[in-house]
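Structure, as structure tokens:
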Amino acid sequence: MSVTRREMIKMTAAGFAAAALNIPFAGTSHASEDVVDVDKWIKGTCRFCGTGCGVYVGVKNGRVAAIRGNPQAATNFGFLCVKGFKGYMSMYHPDRLKYPLVRGADDKFKRVSWDEALNLVAKKFMELQQKHGKDAVAYYGSGQCMTEESYTFNKLWKGGFGSNMVDGNPRLCMASAVGGYVTTFGTDEPAGSYADIEKARTFFLVGSNLSECHPIIFRRVTRQKLSNPDNIKVIVCEPRLTSTARIADIWLPADPGTDLAVFHCMAREIVKNNWVDKWYIENLCRFTTGTQVVDFAAYTQFLEQFTPEAVEKLTRCPAANIVEAARLFATQGPTMSLWTMGLNQRTRGVWANNLVHNLHLITGNICKEGADSFSLTGQPNACGGVRETGSLSHLLPGTRPVANPAVREQVEKAWKIPAGKIDPKPGFHTMEMFAKLGAENDASKPLKGMFITTTNPAQSLPNCHKYHKGMKESFLVVADIFPTRTTQLADVILPAAFIYEKGGVYGCSERRSQLTSKCTDPPGEAKPDLWIAAQLAKRMGLEKLIPWNGDDPAANYKMAWDDYRECVKMTEHSLYGITYDRLLKMEEGLQWPCPDEKSPGTARRYVRGKDPIMDMPEIVKVPPQALIYFYADQKHEGRANVFLRPYKGPEEPPDKEYPFFLTTGRVIEQWHSGTMTMRVPEIARSQPNAYVEIHPSDAKQYGINNGDLVKMISRRGFNILPARVVKSSLPGILFVPWFDQDWDRMINRVTIDAFDDGSKQPEFKICAVRIERFGDPKDVADMTVISSVDTPFPSRA
Ligand code: SF4
């Protein structure tokens, strides 16, 4: 069936909700149109974004035949977006990788047995480690792996090899949110839950095109708005007039990378008009420059520079809108902020997160119903799988720093490894990893090998072609379900199982863990990543550390999960009470902290009577009289930091030579690099290729008409893209979605790889480009995918 984008959107439930607000679309639906007479329905979660929508997977004759939303799931109440109800179809695409492959001397891949492939990987990794040291081989994981898988690879590297060369793609999407929570509150992840959406009276949607990137959350926000349109207010801070911005009562169109000034200006208005919450300021806030604690008067003084008029000049955001946004934020609460990559993928990402938290702290809009400062995660298991298991180069399970000796000691005991085995020095973060990956004989490249799973860095890294040489010249092992730009550079390809072919736990943005049960077998000889990790461990003499290498995936995943629960039992991230048995029975999963099997989980942290950790002195010490207490405060005062961060703009603002801002993002139909969603014909036809959005005034100046090909050039590379001349992108700002695998439309050949000093997250969202008309309209709806492992990598830059 061929479905146009318009038809796809029209047939969805929130499409109607959006229509009521006179916005273009939301794209959600109650259930799959493919609901058929199936043999059984199996509970699980969607794997195509961080919302964590609950699904039922319909199985007929041993094959997945349909998906429907789980009406009892607390995340989505049965609603799904197009990826949720169509994305599974990619499982049966003929391009699926089915057998282990090893690159031969003729540069072609040849099929080998699992034993041959795993023995080769184990032998080569051990050789590299012996010759170049324990840190010569890295693991690069994904926010799409199951929690048990990320935990196991992390344990193998840090506990088995004694190497912290572990990182993953959440570094590219959520690291600044982690940095923001940790520096402000002392620990990662939000205080509240999605349920705050239905209690909020004002929404601050910032750096997020919610309607396309988190459509089910957008549906909840639009429903709340529609329930009382005059009194529920929506503020959107976003440089494009997106479909999200169209529901706004107040739109703050600040230029990319300038919003730090907007947040400080809002704080200034709040302080100036005495819209602050004095009790929060006196009892829960600590004002700090980052190096020095100051008082509220110093904060007030610091804010003085951010007058609405000065900020309008700097950001192009109307002063009156900022003032009104500040009033609504502070006086029409409870207020809930929601954000994603627009705040995180920045060289000042941590600071941007800090400044949004500031607004909540000074107005008392946190730790109350409907009030929260809430980062939405991009990937389905970036929170549960990578942040919480500590599968980044500087962390250990429980999102605790590897540099902390007490944390290392506790984890070494839990893992039953010798004291001192875990290296205190953090490994390389993602950008450093790929910069230092290279050939064995290249002395400038300390990383000689890498194991990559469930991600496609050859396409998803910023300024990606800079890193292709290192991937090609090192010993690269890639586990995935389809050929990708990254498998094109691999030495060994391992065929992996899809979520519904193995099962396991995902943890979504609201600290909620949910279990998916295995629904069907993987194709050919494809295997679960957990089995691959455990078999690799066995071949490297580490079977005792990771013994879950049997043939029963359910038993293996449960063993790994129980090992993880035990490891984080006595932490404020405890999910000891979240057992497989409970997850199997519960339709909506459980939110940590959940320290024992009687705990119902925690919807709101830091509040007495709501958060069990408040009454666990063996984990944190909270004064008995404290009703709200930020117990992870590093100074043990129960306060959160309100930062006086100086203003800094983007790394590469437009100039005479490169006069445009380029910003990138997702579209509702496509997931990340399009590896799976581009293989669902209905989705691919609906959104077949990337394009560049240009404002009509800019298009006119460059003689560009709708559909014309545009050459877009940055200091790093170029793309050739069809133009969409639309008013949603403001003059001087261009937008390109990033899913397209076509070499000429792979936008990460253009983006910048500068990164945030604190979080090490790159500034995908902002760089400077110039454009020129390249040619007449041409049909580029070619739905490009890398369809064969032997498709040669482009030789031109
Ligand atoms: S909103 Fe996210 S989790 Fe929910 S169905 Fe869509 S892609 Fe899946």
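First residue shown is number 1, and so on along the chain.
Backbone N, Cα and C define each Cβ position, glycine as well.
For the Mo-bis(molybdopterin guanine dinucleotide) site that TrEMBL gives as Lys83, Gln144, Asn169, Cys173, Gly257, Thr258, Asp259, Met341, Gln345, Asn456, Lys502, Asp529, Asn748, the extra residue drawn from Lys124, Lys278, Lys436, Lys765 is Lys765. Taking Cys53, Lys83, Gly257, Gln345 as the candidate binding-site residues, the subset whose CB lies under 6 angstroms from any atom of ligand 1 consists of Cys53, Lys83.
In sequence order, Arg346, Thr347, Arg348, Gly649, Pro650, Pro653, Glu763, Lys765, Ile766 are the residues of the chain that are 6 or more apart from Gly257 (Mo-bis(molybdopterin guanine dinucleotide) binding site) and have a CB within less than 8 Å of its CB. Summed and averaged per residue, pLDDT over the domain '4Fe-4S Mo/W bis-MGD-type' (39-95) gives 96. Cα of Asn748 (Mo-bis(molybdopterin guanine dinucleotide) binding site) to Cα of Trp738 (substrate binding site): a span of 7 Å. Only Lys83, from the binding-site residues Lys83, Asp259, Gln345, Lys502, Trp738, place their Cα within 10 Å of the Cα belonging to Cys49 ([4Fe-4S] cluster binding site). When other Cβ atoms within 10 Å of the Cβ of Asn748 (Mo-bis(molybdopterin guanine dinucleotide) binding site) are tallied across all protein chains shown, the result is 27. Each residue in the domain '4Fe-4S Mo/W bis-MGD-type' (39-95) gets a DSSP state, and the totals come to 11 helix, 22 strand, 24 coil.
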